[in-house]
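Note sheet for the following structure.
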Amino acid sequence: MSLIMKEDLFEDQRTNLRLCEGAMWLPGFAKSREAFLHTALQSIVKQAPFRNMFTPGGFRMSVAMTNCGKLGWVTDLAGYRYEEKDPESGLFWPPMPPIFLEMAQAAALKAGFPAFFPDACLINCYEPGAKMSLHQDKNERDLSAPIVSITLGLPATFLFGGLNRADPVQRLFLIHSDVVVWGGPARLFYHGIIPLKKGYHPFWGSARINLTFRKVA
Ligand code: MD6
Ligand code: FE
């Protein structure tokens, strides 16, 4: 937390944007840490590979997922929930790497949430065509904490609505290293991702990786 990196000070031209009370878009915030994030992610995926889980309704999700941290988000025919162990391996989820935690806390602080202690990090992998329908994140017991969301690799159009599914949505074009912080009165707002377009990122290849940090328990 005490190490200030140059790239954090001389960020690109896009400026931080408050989307509404409680939600903030921090363009390029993860840039200076991308190599560390990449290395840490590779070791997580070795222990707990990406997999396409099933919704309670029996549909296979187009987004492949894994987790790190004390708790991991899972879904199957029994429902959505958090589990301490990876149901595929029976092992605890890999621990949250210090670089992940430091990044999430720095972003939360910037958005006005000074004491963020996430116990879960859901890692989403989108290949072209993968999407996330409008949903609310409401499986977390502690709704006072924000969610910190990081985009790596290919860009995606993020839909950001309101408290009701039918509320109008804003469309945000999130690119590599953008961070969105989401809490307070916006914590339960509907959101989603439109089908990913094909592309190639020199460092991350042909997929979009999204890390979302949550305080669950
Ligand atoms: C994604 N993100 O960006 C999906 N949820 O791929 C989410 O579902 C999400 O970005 C809560 C808060 C921020 C998010
Ligand atoms: Fe979500």
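Easy rule for this one: first residue shown is 1, then count along the chain.
Even glycines carry a Cβ here, placed using N, Cα and C.
Here is what TrEMBL records for this protein:
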- 117-217: domain 'Fe2OG dioxygenase' (DOMAIN)
- His135, Asp137, His191: Fe cation binding site (BINDING)
Site of maximum Cβ density within 10 Å, from binding-site residues His135, Asp137, His191:
His191
What are the DSSP helix, strand and coil residue counts for the domain 'Fe2OG dioxygenase' (117-217)?
3 helix, 44 strand, 54 coil
Fe cation site shell beyond His135, Asp137, His191, criterion: Cβ within 8 Å of Cβ centroid:
Met132, Leu134, Gln136, Phe189, Tyr190, Gly192
